[in-house]
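Summarising the annotation, TrEMBL assigns active site, for hydroxyacyl-coenzyme A dehydrogenase activity to A:Glu489. According to TrEMBL, the domain '3-hydroxyacyl-CoA dehydrogenase NAD binding' annotation covers A:342-520. Annotated domain '3-hydroxyacyl-CoA dehydrogenase C-terminal' per TrEMBL: A:523-618, in sequence order. Annotation source TrEMBL lists signal peptide at A:1-19. The annotation site 'Important for long-chain enoyl-CoA hydratase activity' is assigned in TrEMBL to A:Glu130, A:Glu152. Per TrEMBL, the feature site 'Important for hydroxyacyl-coenzyme A dehydrogenase activity' maps to A:His477.
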Amino acid sequence: SLSLSLSLSLSLFFYSAYMSERERLYCFCVCVCVCVCVQVNTLSVQMQAELTEVMGEVWSNGAVKSAVFISTKPGCFIAGADINMIQACKSSEEVTSLSREGQKMFEKIEKSPIPIVAAINGSCLGGGLEFAIACQYRVATKSRKTILGTPEVMLGLLPGAGGTQRLPKMVGLPGAFDMMLTGRNIRADKAKKMGLVHQLVDPLGPGLKPAEERTIEYLEEVAVGVAKGIANKKVSLTKEKGFMQKLQDTVMGLGPVRKQIYKTVSDKVQKQTKGLYPAPVKIIESIQAGVEQGGEAGYVAEATNFGKLAMTSESRALIGLYQGQVICKKNHYGTPEKEVKKLAILGAGLMGAGIAQVSVDKGLTTILKDTAVDGISRGEQQVYKGLNDKVKKKALTSFARDTILSNLSAQLDYSSFKSADMVIEAVFEDINIKHKVLKEVEAVIPPHCIFASNTSALPIKDIAAASKRPEKVIGMHYFSPVDKMQLLEIITTDKTSKDTTASAVSVGLKQGKIIIVVGDGPGFYTTRCLAPMLAEAVRVLQEGVGPKRLDALTTSFGFPVGAATLADEVGIDVAAHVAEDLGKAFGSRFGGGNVDVLKTMVEKGFKGRKSGKGCYIYGKGKKDKSVNPDAEEILKKYKLAAHPAISTDSDIQYRLVSRFVNEAVLCLQENILRNPVEGDIGAVFGLGFPPCLGGPFRFVDSFGAERLVGIMKRFEDIYGNQFTPCQLLLDHAKNPSKKFHK
Amino acid sequence: SWRFFFLSFRKIYTILKNSLLIIQTKSKKTLARPNVKNIVLVEGVRTPFLLSGTTYSDLMPHDLARAALQGLLHRTAIPKDVVDYIIYGTVIQEVKTSNVAREAALGAGFSDKIPSHTVTMACISSNQAMTSAVGLIAAGQCDAVVAGGVEFMSDVPIRHSRKMRKTMLSLNKAKTLGQRLSLLGSIRLAHLSPELPAVAEFSTSETMGHSADRLAAAFGVSRVEQDEFALRSHSLAKKAQDAGLLQDVISFKVPGRDIVSQDNGIRPSSMEQMAKLKPAFIKPHGTVTAANSSFLTDGASAVLIMSEEKALAMGYKPKAYLRDFVYVSQDPKDQLLLGPTYGTPKVLERAGLTMSDIDVFEFHEAFAGQIMANLKAMDSDWFAQTYMGRKSKVGTPPMDKFNLWGGSLSLGHPFGATGCRLVTTVAHRLQKEGGQYGLVAACAAGGQVSDTHVQHSLVVPAMIAFCTYAKHLYEL
């Protein structure tokens, strides 16, 4: 469709067909203004070529005094460069030359003899943004869908078509760093404030045409007006600078000040990435080269660094995650027979209320049921707070918040469950309680209603054993905090019907989740991978490595949260529960640390963050925490002697990670996982597996199965079967050409 | 062939007879319904509508309402104790006189035994006052009700900030000097910034002018079209004023000032002059300007509504029947000002009339762009099919019957008072132009229909919207 639409825009371009359609609008212009319409949403080699050709024709036609660049695809200006184009490259030189081509094209746009106005509606990201900022003027719609940004850093890349050079000039050094290092999306009104766009256009409501269509047309009208205005000097391109702007420019003009900024930013990046992500460093380098040594040096630095980054394993890992995420945001099970419109949630605890929070604002009528008034009061407050925080951030109006909340009903009984389409239980993790509520619920719900369990470890088929209709029973494992964690793990049993799965996936997608669908078994996929790692963490703690050092070792490996902190976040009681349950199911392979450590902690009330004490003592502030001396006492009581042969920092890291990875591979071997992609996505988005490694499977691919097996064997010699590599891993070790990802 | 000839003759005769019948029906058709009381408009008056901040600036809202009530008493010579009930509409309330109907009634010398209440429904507040009166009479509760509306934009309640109010309220409760001092000490600079009255729709945070500009853009209404319509409104108003057609205006002696007897916002300008203005709300490419919007206005209106029986018994010659009304509501974000489009066909259907039956149209002109957008919506099959569930378009009122004596753009728009002006104007125009059916529509309000002597008048307010214009409020 790429080339087709472009050739379309080419044929449309010269007056013939195109102008006749728009004649009414532009015929009477004093200066002729041409609109270039794009229908593609990614920049590719082909598009670059065709764009150059089109622009060449525009420039060679003396009658054309200004141009507008607009996308006719609703909701999208240009969403960035084509990733496949970069992936297809074999060497960094090849990528560098791609970048040079892009730079050259955009430089021509920047130096265009006639003004070019970019009319932006929808995503304007990456290469799209770089194109827009090369234009002389930018008009954007104030629609919620209009977002601008440079997300390259999230793919381990940098803006490689002049972005690192133009942005600092446009939004200032600090603003440019912020945009490029965080990769965050910027809404139109913010973009206007930052100086990224010149003018905003309001989205229109319905008129004589559908709203979206008319809005794009209106955007075009306004942009054409501006383009003509620039051409006949009625609209000025230089904006009068305010006092603060002038002050900032003066300050930024001072070499030592800039030096200090580079240093501060570099230090911050080092602290946050622990040196595991090369892209931010290269972004800083490229910006610095441009600002300090001038344009040409900057462009060269940008292109060279872009080439280097594209060949890094980190970039491949991040791109893999991005592509996996796209796959996991689709429903592969078809359209459910009956759309879920009314959702009931049992248990208004942290989880239940969290699920309500992400459902109610997506238009689902939501019932939040608990057994106690205190429970629903706390739950309702949590939902309210979640929405109200958005109001405070101006992402939502107070009116919208109230309207959304009107879809929530908190209650103590089963009234109106008779019209529920899906029930998700988030009650206490006890099979007897789960059976009790399942029976209660089945007595009141309609036949089509789905029963989903938000358990983190109990096998779904055990829960479904109490059901009259096991085909309607499924597992929906959310992660806490539900509104922040993107993953949803859906668990199907042999009896779960395909339509039930389709429904659960559809609800999860509506809730904005990235979804993996896994088979049933103790701990499913995510909990099952986490458990051995946590067991190992407990052993490491018992061997005298303090919580702080354990955290440092895990975070420096790339985990966003340290293992000790993670245990506190998950809850020591939950960890103990899971360790015991899975220990029973899987035997000594899940051993390692002594479960009694966790149990003793729970007895003393150290249940983790929720109780204020766990491995750490938590103060009021978010970062306010110190090691819990009483927990250390307990660890001393259960002290184990460390084996010097496998207790270096790196050994400890691999002891933790290899157990995680081995269990993940075993899940694939046992068909709990359907494919490595979902395995990687689940591990990264649900458990915080280092994103720079791309997930356990990509890690095995890039690290080498043989090397991993070698390390594990060393540990196996001392600790036994906990480190025995699974068959699939051994297969990969034997045959290096075997890869989980192509 | 004789037979054929005969048949043809019969056919022709039938057609002729039928057409005669149609003509006869049209002139005799009454909208009276069995078992529904005939309710009549006996009289309607208003104070001159003045730009806010001019001659009325030192008054209070109830003073204006009082003037309108006294004018009505004077015109009708109705004994003060015959009135059963008084209802007033207002939008921005003066907190001291929150039931402005009661304060104005007492001040105008009505019996203190007459109950009064105040209603609010944005720009159709006095439409609501009138239809409430119709309801009271239809229900047999009352026989004679005074309805009216008042708006006073020369003074609006500007509040302390919420934080400051909270501190001040706590101060009332503080018992010791120490407590008071610590409360006073807690006041920060931010506490002192005042809170202006609603400059925006509460639900969408969008100002009315902004919404009108977007609406105009959505329907592709050009700046020129808007300026032309505004110019038409001012020119027609000027003509009507000069010809003495605005008989509903009463003279008002403002204490300490001269007698005011004319509206002062009518300013026929030229297209060139109007074209010079910059957009007021959406900059720099918007099309709604100060010249093609209605301006902030002070003014009050009042009407006397009675059961026909009572009016005739008292020897009145009613000006019109109030036959029917409809209120409609739509999405406050994108269809805020489209009430007339939705309301008009509904009320016509209820009355069994079509657009061509109507002799006099009075539509509230909030913005020229809003009127033009409504006209375009009414003329669009696509809009009618997509948004109104109709088979075909509503159809537009012919301009030679439309707002012929000016409108809110030129005469002014005291939010709470405009509805009564529209209804009274329809009655007067029907009288003057010799028409039979009239229809009133207001955005933020819907439509109403009026008619003279014998026949009908319908009241049709529609959608709610808050008519405050940010720009103008700041200019206070």
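Quick reminder: no glycine exception, Cβ is built from N, Cα and C everywhere.
TrEMBL: automatically predicted annotations, no manual curation.
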In three-state DSSP terms, the structure that A:Glu130 (site 'Important for long-chain enoyl-CoA hydratase activity') belongs to: helix
Residue among recorded positions A:Glu152, A:His477, A:Glu489 with Cα closest to the Cα of A:Glu130 (site 'Important for long-chain enoyl-CoA hydratase activity'): A:Glu152
Arithmetic mean of per-residue pLDDT over the domain '3-hydroxyacyl-CoA dehydrogenase C-terminal' (A:523-618): 93
Number of other Cβ atoms within 10 Å of the Cβ of A:Glu489 (active site, for hydroxyacyl-coenzyme A dehydrogenase activity) across all protein chains: 25
Spatial separation of A:Glu152 (site 'Important for long-chain enoyl-CoA hydratase activity') from A:His477 (site 'Important for hydroxyacyl-coenzyme A dehydrogenase activity') - C-alpha basis, Å: 31
Helix, strand and coil counts within the domain '3-hydroxyacyl-CoA dehydrogenase C-terminal' (A:523-618) (DSSP): 67 helix, 5 strand, 24 coil
Nonlocal residues around A:Glu152 (site 'Important for long-chain enoyl-CoA hydratase activity'), in sequence order (Cβ under 8 Å, 6 or more apart): A:Gly126, A:Leu158, A:Pro159, A:Gly160, A:Gly163, A:Met180, A:Gly183, A:Ala279
Entry from the recorded sites list A:Glu130, A:His477 having the most other CB atoms no farther than 10 A: A:Glu130
